[in-house]
Amino acid sequence: MRVDYDVAAALRHEGLKPHDYDEICRRLQRAPNRVELGMFGVMWSEHCCYRNSRPLLSSFPTSGHRILVGPGENAGVVDLGDGQSLAFKIESHNHPSALEPFQGAATGVGGILRDIFTMGARPIALLNALRFGPLEDERNVGLMEGVVEGIAHYGNCVGVPTVGGEVAFDSSYSGNPLVNAMALGLMETDEIVCSGAHGVGYPVIYVGSTTGRDGMGGASFASAELTKASLDDRPAVQVGDPFLEKGLIEACLEAFKSGDVVAAQDMGAAGLTCSCSEMAAKGGLGIELDLDRVPARELGMTPYEFLLSESQERMLFVVKPGQEQSLMERFIRWGLQAAIVGCVLEEKVVRVLQKGEVVAEVPANALADDTPIDRHELVSDPPLEIQAKWDWQENLLPVVGLKGINLNSQSHFGSNISWDEILLKLLDDPTIASKRWVYRQYDHQVQANTVSAPGVSDAAVVRLRPQQGKGSVDEVKRGVAAVVDCPNRWVFLDPERGAMAAVAEAARNLSCVGAEPLAVTDNLNFPSPETPTGYWQLALACRGLSKACKTFSTPVTGGNVSLYNETRLADGKIQPIHPTPVVGMVGLVHNLVNVCGQAWLEPGDLIWLLGVPIDTTVAVDPRVSLAGSSYLECIHGLVTGRPPEIDLKLECLVQSFLRNSITEGFVRSAHDLSDGGLAVAVAECCIAANLGAHIELPSSDARLDRLLFAEGGSRILVSVPSTQAVAWQKVLNQAKTTAPGSVFDQYLGVVTADDELLITQAGNRLVQLPLNQLRECFEQAIPRRMGLDLSSSV
């Protein structure tokens, strides 16, 4: 069959390869027309079909006693007990946010919310994981301002609280920021709305906004590297309307309660093409779509434009015959467009009509189920660059003493730097510093169910208040905790260990608020898998995620893969991001009374370290290290070394012990040791509480910078009332008896009423800093780099 288009040019435009075209022709038994080729282009993109990553994802654990819905639907669903279920998922909007940060981030929020309420759940919380280049570059400042404003605008207007997240900075993200949005939704019914069409002849209803030319080919755009020419792809960035989405949420939840909706699918990536093909393929049926009935925003739209538009706030329903009119009236009352645009077919095809003519007809499974897989060879050894970094040893660092470090003359800090100065430098690192400038723009109290606000605890906590208005706030005892985590520097240096650490830290943060970890949603942000290094990073990270999720019994319920996150520089070189597998994890809080924050509560409380103890010998415990640490990068300008070993057994022991201790009322505050190690964690607790601390390090021949700033080791800082000292020691001894050979506690010091942080060793002062200096450094790091007024940042 001859075609009326330039095949080579069309393939380039759609991001398809010649062998893809040959396969399409084989499946259709003919050459595709230009509309059909566009449909294949978006549906066979990495963004939609995971053609490079699908074999790796199959290793993830996906089942468990609480899992109601796993991968394959719009969102995962877990059983919370007491007649409540939680829908949750994370998605990326990286490439759109790089070009139009406000709309890219805003529509990312809108899209993840639709995934949640399409399942029949009411959205109750949002989180986000963001990555930017250094704020010394004005372009990165502009990107960050736009992204944060977009997230705030959409979340605040739609009435869903943004309760947590993480923000990190690295030069690898300068041309390609990451914007990952996570949402949670509460369900109180057994009726989970799925997306598979059923009922031959059942009507298909279009609901929501009109269809325009915005977002054209967004799925293909999201599956390619960014270049200067990408600026021409601004039409691929969608435009959102949070007020319309608010009406869509209410109208859809009402419609679902009626029982008249048999299947639902939001129109996200690939728009009508994706929603029709996925609903048809999952149901084992077909769908006929009449474009003349689709509410259009612009005149003269072609079939290609209708099918590939990613206009926001749109849904597709399959409904029971005879109920379509009452449902459409309901939607119209909410100010939404509603139209019958097609029907369910027995024939397993997506058939598209315009002006009575068939403009496209493709087997549904060819678009949404039986899609191609690109297989890559996994190299057996790490890349040479990484092998060289693994050879690094701590003894290569400058000599340390009680007063600090003797640096070489080429250091930008001069020849010497004290421990006080080092701690302040770390607190001034934007990745470690307070994110108050970010989260104060988010409404985290809307819906009045937020228990732990951003910056207060290691994980967000939201009250599980009944949606039907039964019971007062005070009567609600249970909550759900959520967190997003990824140590991207560790993943860059060792993808398997780094990914394991991401899961471990997410679970540890949930445990720090007293929550039982339940399940995971993941967002795999990686560069191109078509290079040996890129695929090695992706494959080993998936291996690490799988191993850790199995150990923690936290199944993966779904997520997102975002590849080709890299920038082609002016000189033609490729700048890949650090591989960033973001782990979103949810947990159940059985009693909100016991929720812990980071802040000390009372002077005199005892400070204990759980996890691998501080070294008392020169021998280096491989579970705690300066390799890959914030200290190494911030102070010495090095991103090197092999990150610490991840002791998953110890993680489980420590976290279980912590949760039990919180439940029993022993632990008053809890904060995990992460970026910056012990000294930074103690400083953060002091800043949060406005109380001081005196930490006495044990006598040791180990390097002092290792004692103060090393990372890893499943470590958590807790405070215990002094009145409970004897009982607490009994609990610790009992835990050691239960798990012989695992020493995982160490007394460090005491909370003080003094306005300073004091760290000593054998009576020698190492760190002595007033709280106001710590706080000023911590709170002003980001606003100062952005050139903002500092008077309101503390």
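Count begins at 1; order follows the chain as displayed.
Using N, Cα and C of the backbone, Cβ positions are placed for all residues, glycine too.
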Residue in Gln29, Gln238, Gln265 which Swiss-Prot records at the substrate site where Ser92, His93, Asn94, His95, Arg114, Glu310, Ser311, Gln312, Ser562 also bind:
Gln238
Annotated companion of Tyr50, Asp522, Gly559 at the ATP site, Swiss-Prot, chosen from Lys17, Lys89, Lys435, Lys477
Lys89
If I take the alpha carbons of Arg114 (substrate binding site) and His93 (active site, proton acceptor), what is the distance between them in whole Å?
14
CB neighbours of Gly559 (ATP binding site) within 10 A?
26
One should report the C-alpha separation between His93 (active site, proton acceptor) and Glu310 (substrate binding site), rounded to whole angstrom, as 13
Please work out the number of neighbouring Cβ atoms within 10 Å of the Cβ of Tyr50 (ATP binding site), leaving out its own Cβ.
19
Given the ATP site residues Tyr50, Lys89, Asp522, Gly559, which other residues of that chain have a Cβ within 8 Å of the mean position of their Cβ atoms, reported in sequence order?
Leu57, Pro71, Ile90, Glu91, Thr521, Asn523, Leu524, Val556, Gly558, Asn560, Val561
Binding residues Ser92, His93, Asn94, His95, Arg114, Gln238, Glu310, Ser311, Gln312, Ser562 (substrate) - maximum C-alpha distance in whole Å:
20
